[in-house]
Ligand SMILES: O=C(O)C1=C[C@@H](OP(=O)(O)O)[C@@H](O)[C@H](O)C1
Ligand SMILES: C=C(OP(=O)(O)O)C(=O)O
């Protein structure tokens, strides 16, 4: 789906206490991977808790185009009959990944070592995002890409006929690039080695092992060295997707800044490569507890309990950025309700997400009466305290679900609410966001409604 429905202008109104259970959707990263690994396996993979957002649905459609049999059997329940490593067939038409960087980059990796061609596109946001970060490393396997200037979509990738194994050191801290390379390495004979100087989310490594591949991870002074033995037979699995910590961030952060709130978000994935936001919130003084810590489906999981809190500004170090990369927009909102400045360092990657998230949040916060400073890879928000954010502005969501949700969360606690010009991008990662928040006590308004 390359374009969203008509703009959906929504106002979040200052709300009374948020209370109750926030049962948030399945993890987006795990959901994309479950579909792709299922498609590359022999046998029938069953997935429960799949995130049925537009991003993941586009990946499901793409897997069908490459020859897998993908079927929805119930709410969040899916069945995939895979074609095996190297078994992708050539799609008959363009693959449209919509808004999803994860979808397009992982799928390019998954086909890069099979001798077929595929053309990829996406919505206006995805067509603006850099793809050279994936196609250049994939060229080391022999895959050839031809796209628009700057390596942008639409782009055609010709998979390599005789791929060799590759040793590659990541140039950018990106789980998408790492995963694309590992997926490509699956169909290359021999051992592919990927070195990541900074750890990024490790769902691909965990799931590769779960599907039967031989993967080793060694921590060295140069970073994590990941070795994958090529051409395994991946075997179909049952995958239970845990709940997404990046989605849970919105009700949790809303509870921290809306006076009197007490919200429980059950069964949230707390994989250490994803949990940076929650540690940062605790440093800010948040009344946030991790209850019933346990393991589910190979991932650490906990129930998160968040209560309204007096917060103070903190500094987030660059090496924490990969573990909370999608959470900075909502952290910037929380920071506005804290006392003193919050300094977010090492966040340049935010400039190449669905929008330039530093610019999007800086402009939105300023419009709501909050002072911010930014440079290429830093965002500083000068907090105004629990009751200090004026709001009252209309802000742009820029085809970016996280910008839309972060600003709606701000509106629930700001004196005069906040209007988002278009909330429709939220459907990419968090269908049901507004209903869930309303169930907790949040108030939203629509013109004419
Ligand atoms: O691998 C993944 O599932 C993801 C990796 C991150 O992107 P980068 O790899 O570009 O940092 C993240 O922003 C995205 O939402 C999901
Ligand atoms: C950056 C994100 O996703 P993607 O890169 O998959 O579009 C996100 O969900 O915040």
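Here the Cβ of each residue, glycine as well, is placed from N, Cα and C on the backbone.
Note: TrEMBL annotation is automatic and uncurated.
Taken from TrEMBL, the feature domain 'Enolpyruvate transferase' covers 15-435. The average pLDDT computed over the domain 'Enolpyruvate transferase' (15-435) stands at 98.
For 28, 101, 129, 176, 357, 402, the entry in TrEMBL reads phosphoenolpyruvate binding site. Of all Cβ atoms in the shown protein chains, 22 besides its own fall within 10 Å of the Cβ of residue 101 (phosphoenolpyruvate binding site).
If you look up TrEMBL, you'll see 28, 29, 33, 174, 176, 326, 353 marked as 3-phosphoshikimate binding site. Under the three-state DSSP scheme, residue 326 (3-phosphoshikimate binding site) falls in the helix class.
Residues within less than 8 Å, Cβ to Cβ, of residue 326 (3-phosphoshikimate binding site) and separated from it by at least 6 positions along the same chain comprise 246, 353, 402. The annotation active site, proton acceptor is assigned in TrEMBL to 326.
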Counting across all protein chains shown, how many other Cβ atoms sit within 10 Å of the Cβ of residue 353 (3-phosphoshikimate binding site)?
21
Would you pick out, from the binding-site residues 28, 33, 129, 357, 402, the residue whose Cβ has the largest number of other Cβ atoms within 10 Å?
402
Pick out which of the binding-site residues 29, 174, 176 has the most other Cβ atoms within 10 Å of its own Cβ.
29
Among the binding-site residues 33, 129, 174, 357, which have a Cβ atom lying under 6 Å from any atom of ligand 1?
174
Less than 6 Å between Cβ and the nearest atom of ligand 2 is the rule; apply it to the binding-site residues 101, 129, 326, 357.
101, 326
